[in-house]
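What Swiss-Prot annotates here:
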type	residues	note
DOMAIN	8-285	domain 'EndoU'
ACT_SITE	H162	active site
ACT_SITE	H178	active site
ACT_SITE	K224	active site
Amino acid sequence: MEANRGQVNHELSKLFNELWDADVNRMKAGKDYRISLQGKAGYVPARSNQAKDSASYPLFQFVDEEKLKSKKTFATFISLLDNYEMDTGVAEVVTPEEIAENNNFLDAILETKVMKMAHDYLVRKNQAKPSQNDFKVQLYSIWFQLYSRAPGSRPDSCGFEHVFVGESKRGKEMMGLHNWVQFYLQEKRKNIDYKGYVARQNKSRPDEDDQVLNLQFSWKEMVKPVGSSFIGVSPEFEFALYTIVFLASQAKMSREVIRLEEYELQIVVNRHGRYIGTAYPALLSTNNPDLY
């Protein structure tokens, strides 16, 4: 199956909207968190770490951390964020405690309606086995199995690290980090400096309750010219979308066009052999050659 590069996938649009409606753990804009978009980001060429700062303040003005950490899927997700070496080329060492944390997270998300619906869909498509335990083993492999991102190096990366945590290429170029919780926590620790928003072409600026945004920021001095992220959604929602797109195709790069709420998106998933290389939502009306 070739990756879909243009037409809207109506089957996945319907499914993903049902998953959106089922995402009871999603945090509510203006109530559970507040963002401040501020200025529009400037152009930054690829591999440049110089960016005009169009935002004097952090993106996240407020997050109800008590509520966030009271939700089991968020709490177990947050426990995974400090388990990785940032640089590719530096071998990852996975401790028994970290394996247990990975399993606790998968157990938590597999109890949600979102992941049960995703599992049911994949079983119907013969892309997952009916047993929840078999599905958990499959998810562990897709997301947490280590592989070498730098040629000739020891295993130094995995899908989860790239997408949800972020990593760097020789400390000079940042990669991944498409998750709002990690963005918030790194911003709170002063590791992330938000530079401004990248607007959709048909919209002069995003709204502060938008739940898909294109952002420019620096992370430990490395600039991300444009990084896209869902905002407020639960970890299980993102896991479900990216896993479904990954399993739907053997293509190296899958780009499924979907309509989700008010957004027209490409869900982009890059395959690293049998594992996820990267995954993110791309707002389709943003034509920027230096994305991601």
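Yeah, the Cβs are placed from backbone N, Cα and C, and that goes for glycine too.
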(message) Under 8 Å between C-beta atoms and at least six apart in sequence, can you list the same-chain neighbours of H178 (active site), or say none if there are none?
(response) V163, F164, G227, S228, S229, T278, A279, Y280, P281
(request) Tell me, roughly as an integer, the mean pLDDT over the domain 'EndoU' (8-285). (result) 88
(message) Let me check the 10 A CB neighbour count of K224 (active site). How many other CB atoms are there?
(response) 25
(request) Let me know how many other Cβ atoms fall within 10 Å of the Cβ of H162 (active site). (result) 26
(request) Could you state the whole-number distance in Å separating the C-alpha atoms of H162 (active site) and K224 (active site)? (result) 14
